[in-house]
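Annotated features, as they stand in Swiss-Prot:
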REPEAT    28-61  repeat 'TPR 1'
DISULFID  CYS55-CYS63  disulfide bond
DISULFID  CYS91-CYS99  disulfide bond
DISULFID  CYS127-CYS135  disulfide bond
DISULFID  CYS163-CYS171  disulfide bond
REPEAT    168-205  repeat 'TPR 3'
DISULFID  CYS199-CYS207  disulfide bond
DISULFID  CYS235-CYS243  disulfide bond
REPEAT    240-277  repeat 'TPR 4'
DISULFID  CYS271-CYS279  disulfide bond
Amino acid sequence: MIKSWTKKWFLILFLMASCSSYLVATTGEKYFKMATQAFKRGDYHKAVAFYKRSCNLRVGVGCTSLGSMYEDGDGVDQNITKAVFYYRRGCNLRNHLACASLGSMYEDGDGVQKNLPKAIYYYRRGCHLKGGVSCGSLGFMYFNGTGVKQNYAKALFLSKYACSLNYGISCNFVGYMYRNAKGVQKDLKKALANFKRGCHLKDGASCVSLGYMYEVGMDVKQNGEQALNLYKKGCYLKRGSGCHNVAVMYYTGKGVPKDLDKAISYYKKGCTLGFSGSCKVLEEVIGKKSDDLQDDAQNDTQDDMQ
């Protein structure tokens, strides 16, 4: 029970402020939805205006979306200074994607001067906000000793946490560490489980890693058909090594009937996705330079998932 009018008045003011904050947040979220709808329609002028309103009403994702538009020049003139400004606002408003974007920019020197301490700072903030991208990126930095003292234990811990936050890339990385005994005791069962999770989260590299385990029978029964399907899924998810492995299976007839046309088709896709091994094979097999393959691959309408 409140024993004095002073305390009671303070409580009333607190409740009024809470209601006001709720109304502001609700209004800000409405502007954010309006901005997103405008962006999808291609009405970038309105999108910017509504994102700004939502950002000014302290909706962090509104600030982040605006930062992304300015960083990529998506519907607006590219402006890195504005991108950093809005990402900072978004991060300060506890949007983990904004923190991750700042971390990435400072880690790579993408439009800003490279600054690893700042990258680590923003990744840590994003990870604290349960952002899988930030936790995973920080894990990679600890694994490689980039801007921090190399620490496999921290790398594994952060990567596991990122995987639990549905960041598939980190699931693949955890699997890699267990499969190859990188800073941890080799454990193929754990490797398999993490590759499966990453593939389920639509990380192409995880699907390829899982496919390899089925192809060679690593802690699972060897299964060429399963390997092929996983490689195809990796290819569909834009992983060049997945396309390449499908091509190799069709070219050699390993686990599937030989099919040179399908092999060449997948080699083209692998090359287009930047997998140099596919480009090299194509030059040897059909004598085409990798630069000449872009149109061929784009015109190839074969469904990777079939």
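Cβ coordinates are placed from backbone N, Cα and C, and glycine is handled just like the others.
Annotated features taken from Swiss-Prot, shown on the structure.
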residue: CYS55; record: disulfide bond; DSSP (3 states): helix
residue: CYS91; record: disulfide bond; DSSP (3 states): helix
residue: CYS135; record: disulfide bond; DSSP (3 states): helix
residue: CYS163; record: disulfide bond; DSSP (3 states): helix
residue: CYS171; record: disulfide bond; DSSP (3 states): helix
residue: CYS207; record: disulfide bond; DSSP (3 states): helix
residue: CYS235; record: disulfide bond; DSSP (3 states): helix
residue: CYS243; record: disulfide bond; DSSP (3 states): helix
residue: CYS271; record: disulfide bond; DSSP (3 states): helix
residue: CYS279; record: disulfide bond; DSSP (3 states): helix
Task: Chain residues outside the repeat 'TPR 1' (28-61) and at least six past its termini with a C-beta under 8 angstroms from it - done: 69, 74-76, 86, 89-95, 97-98
- [ ] Out of CYS63, CYS91, CYS99, CYS235, CYS243, CYS279, give those disulfide-bonded residues positioned within 10 angstroms of CYS127 (disulfide bond), comparing C-alpha atoms, in sequence order.
- [x] CYS99
Task: CYS235 (disulfide bond) and CYS163 (disulfide bond), Cα-Cα, nearest whole angstrom - done: 21
TODO: Take the C-alpha atoms of CYS63 (disulfide bond) and CYS91 (disulfide bond) and report the distance between them in angstrom, rounded.
DONE: 9
Task: Helix, strand and coil residues within the repeat 'TPR 1' (28-61) as assigned by DSSP - done: 29 helix, 0 strand, 5 coil
Task: Residue among the disulfide-bonded residues CYS91, CYS243 whose Cβ has the most other Cβ atoms within 10 Å - done: CYS243
Open item on the list: Restricting to the disulfide-bonded residues CYS99, CYS135, CYS199, CYS271, which ones have a CA within 10 Å of the CA of CYS243 (disulfide bond)?
Closed with: CYS271
- [ ] Output, ordered by sequence, the same-chain residues six or more apart from CYS171 (disulfide bond) with a CB under 8 Å from its CB, or 'none'.
- [x] CYS163, ASN194, PHE195, ARG197, GLY198, LEU201, ASP203, SER206
